[in-house]
Amino acid sequence: MAVIEIKNVAKTFGAYTALHDINLTIADQEFMVLLGASGCGKTTLLRIIAGLETASTGEVWIGGRRVDHLAPKDRGIAMVFQNYAVFPHLTVFENIGFGLRMQKLPNDEVRRRVERTAGLMQIDQLLKRYSGELSGGQRQRVAVARALAMEPDVILMDEPLSNLDALLRMEMRAELKGVLAESNTTAIYVTHDQVEAMSMADRISVMHKGEIVQAATPLEVYRNPAAEFVAGFIGNPPMNFLPATSQGGGKWAVAGELFDGPDRSAPLKFAIRPEDLRPAEQGLTATAKVIEPLGAHLLVTCEIDGEIFRAILDSDMTVRPGDRITLAPQPDRIRWFDPETTLSAV
Amino acid sequence: MNARLLPYLLILPVTLFLCVFFLYPFLLVSKQAFTQGAGFTLENFRDVASHWKFPISLKNTLLLAAVVVPVQLALALLMATMVNRMEKGRDLVLYVWTIPLGISDLAAGIIWLAIFEQSGFLNSMMTGLGLAEQPMNFLSYQSPLMVFTAIALAEIWRATAIMLVILVAGIGLIPKEYYEAAEVFGASPWQRFLRVTLPLLRPSLQTALILRVVLAFEVFAVVAALGGTLFPVLMGEIYSYQFDLQNSNGAAALALVVLGISIAFTLVILRVLRVPKGATI
């Protein structure tokens, strides 16, 4: 049982504030992804949880125990590093067994656990090799096996797949998700790759400039972004935004069209995902600029009132640059953001 | 230009230089060592080995190396680890620590002589503080242990920095992630040093140890300044064969003996600290 609670954690490096007052609770056996662009503080937060970095203020609790004053080894965690950190001078066997040897477990117990985790990660044929004789993907497996062999309450992963090529990454993504689900550990996974985040997470914490902007299920983050940043960060291509002016009574004018929205008078931003647009008789009139056939779909980048606007359309459609097309947004997928606070206005 | 020939062309000047100024003199010395008048002989080796000072100078040389090199290794490792942890002033500390490297070994010997001799710093300090009633002669035939200690101290002071600079460079090459991984998986600072730093430092340790051991067998000027004839070493014997006894065949033979010892130790160090294939950083 390991619930992780992060209470009011902040971190400053001199005058630079890397983390502002972070509060986050991660449930037992949950797979939490910290997602954000580089420099958003996600790795710093992970390192604070691991104990490799000390928070300037705040508390970290793991399994009902306050751990922020404890050494990493006393926190019940294991970690997978971005560059794997598989010791080059030890064989795969000794690498996986490193933490167990440090705990002074008896030899047969070390052997049993190393062999079990190596089997789980399908590297049982490589136990006598050195890391120099392994491929990147195999090294990655050793790093994961080493963490699993500890049978930790919490596994921390810092961009573990970012050094693999695209195909291997996809394969490892699914495998890692399966292995972790079976191991009954709480997992925190740092990545800048939204596809990894969407496909693996139970919940995603989207981070921006040292703050958690939204912590929710992948679908919730995708469908109902809590802020403009999330809407623009998640989804490829991201959400479209257009300025909207209130016509009173919950009616909003967007690029000359009327839509139903929240009943308020201050200006709002209208937002819609590119795939939630359909060509129609009536809707937003756009001028097509760039057409990118993607096989299954057609990505059309157009312009509405000088704003870039993207639509994912059926690949059977014929559109040429310069064509005027009318796009109808799916009404239940329209979102509204307050330009003042950049937060969702529902 | 043929790209395959270019590398060889580029190393040609230094190869020629080494052949003329190293290989050729070496062959001459070898020839001298194995000849007497005409014809091949091992007589020179028999001569030098049967001289009464040979066993004692061999013993002294080996003993000095056996004491000095481990102390220097430990000190250099400690200093390198400390320097590596420093965030500010690292370069300044390194410069200060490497100052003795810029001093010739004879000058270093004389500096330590100025400390230990009867009218030296140590004696004036001890009498000044009232620890001794009158100056003592530390470096006399009556106190061989003191002579040995003075020589060892001077050698440690003089030549630890050469190991230090090699080890500092080597430690700098070890990625931080290995230490963090070791820490997360439960290694104490001492265990991290033993299980991460030392094994990953093997290539630098090899270089530093070979260099230092070979130099230790060549110790001469420091011993001459501090011990004179009280503490005979192999290099001193070569000198006296060549210049006092005017026996250049004997000097050459003894020089080859020292070379043989150096090669033997180099091979042992290479073997003991070898890095298995695939186990490099």
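Backbone N, Cα and C define each Cβ position, glycine as well.
Listed by sequence, the residues of this chain that lie at least six past the ends of the transmembrane segment (B:7-27) yet keep a Cβ under 8 A from its Cβ atoms amount to none. Residues or ranges marked as transmembrane segment by TrEMBL: B:7-27 (among others).
The feature domain 'ABC transmembrane type-1' is assigned by TrEMBL to B:58-269.
What TrEMBL lists as transmembrane segment is B:62-80 (among others).
Listed by sequence, the residues of this chain that lie at least six past the ends of the transmembrane segment (B:92-115) yet keep a Cβ under 8 A from its Cβ atoms are 79, 83, 86, 121-122, 139, 150, 153-154, 157-162, 164-165, 168, 219-226. The feature transmembrane segment is assigned by TrEMBL to B:92-115 (among others).
As annotated by TrEMBL, transmembrane segment applies to B:145-174 (among others). Non-local neighbours of the transmembrane segment (B:145-174) in the same chain are 63-64, 67-68, 71-73, 75-77, 79-81, 83-84, 94, 97-101, 103, 105, 108-109, 111-112, 116, 138-139, 196-197, 200-201, 203-205, 207-209, 211-212, 215-216, 219, 222-223, 226-227, 230-231, 281; each lies 6+ residues outside the stretch with a CB under 8 Å from one of its CB atoms.
According to TrEMBL, the transmembrane segment annotation covers B:209-231 (among others). Away from its own ends, the transmembrane segment (B:209-231) comes close to residues 60-61, 64-65, 68-69, 72-73, 104-106, 108-110, 112-113, 116, 139-141, 144, 147-148, 150-151, 154-155, 158-159, 162-163, 166, 239, 258, 261-262, 265-266, 269-270, 273 of its chain (Cβ-Cβ under 8 Å, at least six residues beyond either end).
Only residues 6 or more beyond the boundaries of the transmembrane segment (B:251-273), in the same chain, are considered here, and those with a CB under 8 A from a CB of the stretch are 29-30, 32-34, 44-45, 47-49, 202, 205-206, 209-210, 213-214, 217-218, 234-235, 237-239, 241-242. Annotation comment: TrEMBL describes B:251-273 (among others) as transmembrane segment.
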